[in-house]
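S.K.: Next up is a structure, given as structure tokens.
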Amino acid sequence: MVIDNIILSVGIILAFGFLVGMITNRLGLTTIVGYIIVGIILGPVIHLVELSPHLINIITSFTLAFVAFMIGRSFTIDFLKKMGKDVGIILIFESLAAFILVTLGIYLYTHDLILALLLGSLAPATAPAGTMAVIHSCKARGNLSKITTVIVGLDDGIGVIIFTAAIAMVGVMLGSSSSISATIVGSLIEIGGAIILGIICGIAFSYVAKMIKDRSNLFIISLSAILICAGLAELLDISLILACISLGVVFANLAPNVSKMSFNIIEDVLPPIYTIFFIVAGLQLRPDLFIKMGVVGFIYIGCRVVGKMIGAFFGSKLAKSEPVIQKYLGFALLSQAGVAIGLASMVAKELSAYGEIGQYLGSLAITIITATTVIFEIIGPIGVKYAVDKAGESGKKYKIINLT
């Protein structure tokens, strides 16, 4: 029996989320995994809750906008002066390592360079929501938590560039007349547009917020700024995540005092948003796809995990980051969900013009990425919790080492 009433469905989702959250906390597990399992049970298993694609898209965009805004607060001028170079090195290493290892692993097994490039280009993308939710629920504070937050925020930008370059190469291999450079330039314009939108919204938001002293009014204007920025990004068909990160960055730096209060207010309302988001994510997961993804799917999972771990280690080693970052950062970068699925959908759309072979490759990419998401949605949050626990940054018992 499927419950048609949306309000009742959301109530059930929150109630189950609360109960499972208590159980997982008692077991020492991350609540995110529990939420996803609840979603799988309520949806694919017993078919009790079923939401429309339109409503799911709204929930996803709403949550990602909040998460991206919160990521932006980490990009303070002081942090960028101290760690900007380190972040850049680590970001490039972990993204390229994931891309190269997945591409190489799948090519060695299938001898299909086009498929290898397509799946390799999807590997760098990291899910910011899952990572941020664990950091928030663990009350994690420290250098590892902060650098993780920054990297997962930037990962999608690098991922889009790598993906665009790979798609352009695949298009040429399949006979496209479009040049690789033109395709990449188009992607860079889209990324630049998202950043510019976030900056404009951030400047306006900062100006208004400085005049507000009341906490409730600050919450209203903060919510307004996030939703306006996210909505405009969707209307302009540019990255909602990058736009809202830019909004948070500008706000944190132009209005440092009032922004702290705003970020704290938003942080207080995140738990129910996370609960709904991850249970809804579980509703969409299809365990039956495990059978369809085959060996290629497991190669993708293994090579992506190894790529992220190795890339983060050598990148942080080269950047001379503190040992705790070198050891555990890779564990915190394994989550993958909506962005990768969105890019896989773009593969299907872009390659549909190339006839049966294009349609086949697009369908295969969506199947594999959707199936592997089930794994990454579970092991990703576990990896983040493991990393912040081992780094001693969970709860209030932490020590920030001077990075100057």
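Yeah, the Cβs are placed from backbone N, Cα and C, and that goes for glycine too.
Heads up, here are the entries from TrEMBL:
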- 18-375: domain 'Cation/H+ exchanger transmembrane' (DOMAIN)
- 6-25: transmembrane segment (TRANSMEM)
- 32-49: transmembrane segment (TRANSMEM)
- 55-75: transmembrane segment (TRANSMEM)
- 87-108: transmembrane segment (TRANSMEM)
- 114-135: transmembrane segment (TRANSMEM)
- 147-174: transmembrane segment (TRANSMEM)
- 180-205: transmembrane segment (TRANSMEM)
- 217-233: transmembrane segment (TRANSMEM)
- 239-258: transmembrane segment (TRANSMEM)
- 265-283: transmembrane segment (TRANSMEM)
- 289-307: transmembrane segment (TRANSMEM)
- 328-348: transmembrane segment (TRANSMEM)
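What does the local environment look like for each feature on the list?
M.R.: Sequence-remote contacts of a segment are chain residues at least 6 beyond its ends whose Cβ falls under 8 Å from one of its Cβ atoms, and for the transmembrane segment (32-49) they are 1-3, 9, 12-13, 16-17, 20-21, 23-24, 130, 133-134, 137, 274-275, 278-288, 377-378, 381-382.
Counting only same-chain residues 6+ beyond the ends of the transmembrane segment (55-75), those with a CB under 8 A from a CB of the stretch are 6, 128-129, 132-133, 146, 149-150, 152-153, 198, 226-227, 229-230, 234, 240-253, 259, 263, 266-267, 270, 273-274, 276-277, 280, 283-284, 338.
Outside the transmembrane segment (87-108) by six or more residues, the chain places 115-117, 119-124, 147, 150-151, 154-155, 158-159, 162, 166, 296, 299-300, 302-304, 306-308, 310-312, 314-316, 318-319, 321, 329-330, 333 with a CB less than 8 A from a CB of the stretch.
Long-range contacts of the transmembrane segment (114-135) within the same chain, counting only residues at least 6 positions beyond its ends with a Cβ under 8 Å from a Cβ of the stretch, are 30, 32, 63-64, 67-68, 70-71, 94-96, 98-104, 106-107, 145, 148-149, 151-153, 155-156, 158-159, 162-163, 165-167, 169-170, 173-174, 241, 270, 274, 277-278, 296, 300, 303-304, 307, 332-340, 343-344, 347, 361, 364-365, 368-369, 376-377, 380-381, 384-385, 388.
Here the transmembrane segment (239-258) has long-range neighbours at 61, 64-73, 75-77, 128, 153, 156-157, 160, 190-191, 194-199, 201-203, 205-206, 209-210, 212, 218, 225-226, 229-230, 232-233, 339, meaning same-chain residues at least 6 beyond its ends whose C-beta is under 8 angstroms from one of its own.
Packing against the transmembrane segment (289-307) from elsewhere in the chain are residues 94, 97-102, 104-106, 109-110, 115, 119, 123, 334, 336, 367-368, 370-372, 374-376, 379: each is 6 or more residues past its ends and has a CB under 8 Å from a CB in it.
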S.K.: Using a Cβ cut-off under 8 Å, which residues of the same chain at least 6 positions beyond either end of the transmembrane segment (180-205) come close to it?
M.R.: 72, 157, 160-161, 164-165, 167-169, 171-172, 221-222, 225, 228-229, 232-233, 236-251, 254
S.K.: Taking contact to mean three or more C-beta pairs under 8 angstroms, with sequence separation of 6 or more, is the transmembrane segment (6-25) in contact with the transmembrane segment (265-283)?
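M.R.: In this chain the transmembrane segment (6-25) contacts the transmembrane segment (265-283) - 3 or more Cβ pairs sit under 8 Å.
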S.K.: In terms of Cβ proximity under 8 Å, which residues at least six beyond the ends of the transmembrane segment (147-174) contact it?
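M.R.: Tertiary neighbours of the transmembrane segment (147-174) are 68, 71-72, 74-75, 79, 83, 86-87, 90-92, 94-96, 99, 113-114, 117-118, 120-122, 124-128, 131-132, 135, 180, 183-184, 186-188, 190-191, 239, 241-242, 245, 321, 325, 329, 332-333, 335, 339-340, 343, 346-347, 350-351, 354, 357-358, 384, 387.
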